[in-house]
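Here's the structure we're looking at; comments come further down.
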């Protein structure tokens, strides 16, 4: 989860987020190596008085600085495309949850259960209990089973929203009249926080998302108590 003064990514809790974290490190290393090379070349040019004023053409150099960037782009593109296809895959979900964005709250419907739906509003700061997080707590959490593929159908009732949970590697736009989908899967139990990530009006900052991932038997008990 997130913590104060955090500079890096949140701890990965899903296979997709683990892949995204590895890809981030992979790309950042390439950027670091390129930046180091450019800095070395600039430093060398400034430190020497030697120049090549008579050089009119250097085909070998032109070949190198054409092919090398192309190879680097391929090394970035291939893992990126792999992750994009992984994020679009939804294989045999055990549960489907429909998520609707509103100004300024979320509503959830468990389509596999009859009459299991609720709205999720942010808990005002004055009503928070000790230890709860400001602007991130909700009155109704989304309870889901861990270690199982879950399909989220995401749309909006009014304006553009975006349903995002960083530690699970999720960010899907909620568009009026359009149904987007995403796969939710967690490697471990716990509370995972997110927020609306698309400017949607004056209370955009007050649309938190809380997923409570629990073992399957606890989810079955919860769903039975809600119906």
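All residue numbers here begin at 1 and follow the chain in the order shown.
Backbone N, Cα and C define each Cβ position, glycine as well.
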Query raised in the report: Do you know which of 102, 161 Swiss-Prot groups with 196, 200, 207 in the Cu cation A1 site?
Result: 161
Report task. Would you list, in sequence order, the residues of this chain other than 161, 196, 200, 207 that have their CB within 8 A of the centroid of the site's CB atoms, where the site is the one recorded for Cu cation A1? Result -> 101, 103, 104, 106, 162, 174, 195, 197, 198, 201, 204
Query - Length of the line joining the Cα atoms of residue 161 (Cu cation A1 binding site) and residue 198 (Cu cation A2 binding site), in Å - result: 5
Report summary line: Out of the binding-site residues 161, 204, the residue with the smallest number of other Cβ atoms within 10 Å is 204
